[in-house]
Amino acid sequence: MASSGGGGSSGGLGSEGESAAASAIGSLDLDGAAASSDNRPGETSSNGDSERWQTRQHSTDDISRSKSKPRYIKAFGVDLSADNVAVAIVYFVQGVLGLARLAVSFYLKDDLHLDPAELYCFDFHCSDSIPLFGYRRRSYLILSGLLGALSWSLMATIVDDKYSAALSIILGSLAVAIADVVVDSMVVERARGEPQSTSGSLQSLCWGSSAIGGVMSAYFSGSLVDTYGVRFVFGVTAFLPLTTSTVAVLVNEKRLPLGENATSSSDSGLIESSKEHIMQIWSSVKQPNIFLPTLFIFLWQATPQSDSAMFFFITNKLGFTPEFLGRVTLVTSIASLVGIGVYNSFLKEVPLRKIFFVTTIFGSALGMTQVLLVTGLNRVLGISDEWFSIGDSLIITVLGQASFMPVLVLAAKLCPPGVEATLFATLMSISNAGGVTGGLLGAGLTQFLGVTKDNFQNLALLIVVCNLSSLLPLPLLGLLPDESPGVDNEQTKVD
C-alpha cells in the first residue's frame with residue numbers, strides 16, 4: 001500500500017529504524033544498485049561487446065538473484081515468508097476468537113439482562129517508539145497474547161456484573177489492538193510504494209486468514225453455548241490468544257543492544273520520544289491528502305446501526321437458539337471469505353471511489369430486506385425465518401466484506417515512513433471511532449423509537465432509517481483519492 005504523501009522520507013525509518021523495515025529497504029537499495037550497474041556497459045570497446053556484456057551480466061544477475069531469494073508458497077498472491085506467516089497467524093487467531101462472540105452477546109442479554117440500547121456500549125472494536133526487552137515487535141506480541149488470555153480467564157471466572165464485564169472486554173480489545181498495531185506495521189512496510197493491487201493482496205491475506213479462523217470456530221460458537229454454557233466458552237477462548245505469544249518467534253527482528261533507543265530507561269527520554277511521535281503523527285494527519293480521506297472513512301462508519309436490536313428480535317421474538325446462530329455465524333464466516341476472494345479477484349484494481357459508491361448503494365438496498373423478516377413478509381413468500389436469515393446474512397456479509405477491504409487498503413496507503421504502526425493504528429482507531437459513533441447513534445434511535453427487549457413495534461422503522469442514513473456520506477466521495485489502478489502515492493490526488 002503506497003503512501004499517499006505525508007512527509008515520508010526515503011531511506012528507512014530514521015533513528016528509530018525497525019530492523020524488518022531496514023532490511024526490506026536495504027534489499028530494495030541493493031536491487032536498485034544492481035539495476036543501475038546493469039545499465040552501465042562498463043569499459044567495453046564496442047557496442048557489440050557492450051550488448052554481449054550486458055546480456056551476460058543480466059543473466060548472471062538473474063541467476064544470483066534466483067539463488068539468493070528463497071521460493072515461497074503463495075496465498076492470495078503474497079509470498080508466505082516467516083514474517084507474512086506470523087501476520088497471517090495473528091489474524092487467524094483474531095478470527096478464531098469469534099468463538100466467544102455469541103457467548104458474550106448471550107451473557108450480556110440473559111445473565112446481565114441488558115437492553116438493546118445498552119448492548120451497543122459493549123461493542124468495542126505504541127510499538128513504533130518503545131521497545132520492550134530489546135524488541136519492538138516480538139515483546140508486544142507476547143504481551144498481547146498474555147493480556148488476551150487474562151481477559152477471557154476473568155470472563156470465565158469472576159466477572160459477574162456489567163462493569164467488570166466491560167473492563168474485561170476492554171482488556172481483551174486492548175490485547176487485540178496491540179497485536180493489530182504490530183502486524184499492521186509489518187503489512188504497511190511491505191505495501192509502501194506498491195500499487196493498489198499489491199496492497200489489496202496483502203490485506204486479502206490478513207483478512208482471509210481471519211475469515212478462515214472465523215469459519216473454523218463459527219459453528220462451535222453456538223453449539224458450545226447451548227451444551228456447556230457461556231462460562232465454558234470463555235474458558236476455552238482464554239487459551240487461544242497464547243498462540244499470538246507463540247508466533248512471535250517467527251518475526252524477523254534483531255534484538256536491540258541495551259541502551260539503544262531504550263526510552264524506557266528514563267522518564268525524560270520517554271516523554272521526548274512520545275512528543276516526537278505525536279508531532280510526527282500530527283504533521284502527517286493534518287495534511288489534506290491524509291485528513292480528508294480519514295474524515296470520509298469516519299463519516300462512512302458513523303452512520304447508525306440496528307444490529308443489537310435485531311439480535312434481541314431474532315432471539316426473543318423468533319426464538320433462534322445459540323446452536324442455530326452458530327450455523328448462521330458459520331455461513332457469514334464463509335461469506336466473509338468469499339467477499340475477500342471477490343475483492344482480491346475483481347475489485348482490488350478498481351478505483352476506491354467507485355467501490356465505495358457501488359457497495360454503499362447495494363448495501364443499503366440489501367439491508368432493507370431485514371424489514372421482511374421483522375414484518376413476517378418472508379413467510380408470506382413461503383420462506384421460513386431460518387432460511388431467510390441465513391440467505392440474507394450470506395449476501396450482506398459478502399458485500400460488506402468486499403466494501404470494507406478498500407478501507408484497509410486506503411488506510412495503509414496513507415501511512416508515511418517512520419510511524420507506520422502508530423499512524424495506521426491511529427487511522428484505524430478513527431475508523432473504529434466512527435463505528436462506535438454509529439453504534440451510539442443506533443442506541444439513541446433504538447431508545448427514541450421505543451425498541452426494547454420485548455417491544456419491537458418500531459423495529460422496521462429503525463432498520464429503514466439506519467439503512468437510508470448509510471447513503472449520507474456519498475456526496476463526500478470527493479474526499480477520497482482520485483486514483484487509477486496501480487498508481488503510486490505520488491500520483492494520488494484529492495479533489
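First residue shown is number 1, and so on along the chain.
A Cβ is built for glycine as well, from the same backbone N, Cα and C atoms used for every other residue.
Checked against TrEMBL, the range among 108-131, 228-251, 276-299 recorded as transmembrane segment is 228-251.
Cross-referencing 80-99, 140-159 with TrEMBL places the feature transmembrane segment at 140-159.
Among the recorded stretches 140-159, 165-183, 204-222, 324-343, 355-375, the one sharing the largest number of Cβ pairs closer than 8 Å with the transmembrane segment (228-251) is 140-159. The transmembrane segment (423-446) and the transmembrane segment (165-183) are in contact, since at least 3 Cβ pairs between them lie under 8 Å (pairs 6 or more apart in sequence). Counting Cβ pairs under 8 Å to the transmembrane segment (324-343), the top-ranked stretch among 165-183, 204-222, 355-375 is 204-222.
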